[in-house]
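In case it's useful when we look at the structure, here is the feature table from TrEMBL:
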{"type": "BINDING", "residues": "8-13, Asp33, Arg38, 86-90, 127-128, Glu161, 272-275, Arg342", "note": "NAD(+) binding site"}
{"type": "ACT_SITE", "residues": "Cys272", "note": "active site, nucleophile"}
{"type": "DOMAIN", "residues": "328-452", "note": "domain 'UDP-glucose/GDP-mannose dehydrogenase C-terminal'"}
Amino acid sequence: MVKICCIGAGYVGGPTMAVIALKCPSVEVAVVDISVPRINAWNSDQLPIYEPGLDDVVKQCRGKNLFFSTDVEKHVREADIVFVSVNTPTKTRGLGAGKAADLTYWESAARMIADVSVSDKIVVEKSTVPVKTAEAIEKILTHNSKGIKFQILSNPEFLAEGTAIEDLFQPDRVLIGGRETPEGFAAVKALKDVYSQWVPEERILTTNLWSAELSKLAANAFLAQRISSVNAMSALCEATGANVSEVSYAVGKDSRIGPKFLNSSVGFGGSCFQKDILNLVYICECNGLPEVAEYWKQVIKINDYQKTRFVNRIVSSMFNTVSNKKIAVLGFAFKKDTGDTRETPAIDVCKGLLGDKARISIYDPQVTEDQIQRDLTMNKFDWDHPLHLQPMSPTTVKQVSVAWDAYAATKDAHGICILTEWDEFKKLDFQKIFDNMQKPAFVFDGRNVVDAEKLRKIGFIVYSIGKPLDQWLKDMPALA
């Protein structure tokens, strides 16, 4: 029986291993993590992450060929294949601060693997890592190997949160990169044999190590670039009276471009896009390619500009001040169908409003009050460290309250910001909300989910990103 162990029980490790266990009943899969609360949650009825379909998969396999454990060394020792899915945060100090990936957790995992192994192993990079990480990991393993042979593979994940289980069941592609040596090819084949139990052969791509590592960064950079491109257009649409939805629909009809990732919004979020682009920028700089680095930097600059622009629009529309005004924030996760708040635009929007002394009431169907308070008090990039290394008891932000539903959040509010495209926000009774708000009542739709005309008929002043502006908004231009 092939034994697989995955170090790291987070958003990548947990779902990926659960699906491998489900699709490969003859493989024994152990997911290990040093965080006791996290492993306890994986073994309970309340999983530590929300992902549609994940519950069913875990319940079908847990205790049969899927195990969650804190006994890291035991499972690593027994495994044939070890996936490493640990945090790779952006460095906050030292060389490459603010751009380079911090490989501390990766390195300690590699040293531990070398330390406890008593048989040959295939070590698989699952976390997003900078190009050439495999080389560094290989050196650590070889220098500490005590005669044991290790093969390093890169098998980046291409999951989208909210559809991760579907993505794992029917992936566009599975990418496996390895050394171009007989041992390397054998290792690639061993991992390919696992995936080929449910993924069609033609969707499993094999490359060299560096191509696999770079493909992940490139894919995320291309996706983020599309979002920044349409967001840049949204600013121009507002300035000229064009409608960004009509423009992106027309552009997406070109088969060379296609319609995906062309919805303008308050900005992209999630754990990967910004981090991976910063990483790409750093790699370009290190390889003497400043022009290429500068090009990718613009993708993040436009994303930051979009969030700032949104906050400026809110403040300028409301008589140039939101001081002591109640603003309802609907949605805090970075996108619908996930409870993940990493790099969510909502953090920067809320901080911008708090900077102008607003009172904020937040409702999100999947994000806890503790998480929201933690996000609003944490330093940039802190979220990407393991929980036990994050600031323990965050100071609460006094001007922020968390509501149990959208109606409680919006009661007596001066304005509403929609920051996540949860389906339930499209079905709200906006007449009831309007009746319970201060007047004039504003809606700032950062996801273009509401029917602006319908809301204007009720009496709202509506701002939708990239759409023709209300007369009110034209009279109160946003300051840059």
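Think of each number as a place in line: the chain as shown, counted from 1.
Positions of Cβ are set from backbone N, Cα and C atoms, glycine also.
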For the domain 'UDP-glucose/GDP-mannose dehydrogenase C-terminal' (328-452), how many residues does DSSP put in helix, in strand and in coil?
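Within the domain 'UDP-glucose/GDP-mannose dehydrogenase C-terminal' (328-452) the tally stands at 43 helix, 19 strand, 63 coil.
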Return the residues near Tyr11 (NAD(+) binding site) by Cβ distance under 8 Å, restricted to its own chain and a separation of at least 6 in sequence.
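For Tyr11 (NAD(+) binding site), the qualifying residues are Ile49, Glu51, Leu159, Glu161, Ala164, Ser271, Asp340.
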Mind checking which of Thr90, Gln274 has the fewest other CB atoms within 10 A of its CB? They're the binding-site residues.
Thr90
I'd like the number of other C-beta atoms within 10 A of the C-beta of Gly8 (NAD(+) binding site), please.
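For Gly8 (NAD(+) binding site), the 10 Å Cβ neighbour count is 26.
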Measure from the Cα of Cys272 (active site, nucleophile) to the Cα of every one of the binding-site residues Gly8, Asp33, Thr90, then give the nearest.
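Nearest listed residue in space: Thr90.
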I'd like the number of other C-beta atoms within 10 A of the C-beta of Cys272 (active site, nucleophile), please.
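So the number of other Cβ atoms within 10 Å of Cys272 (active site, nucleophile) is 26.
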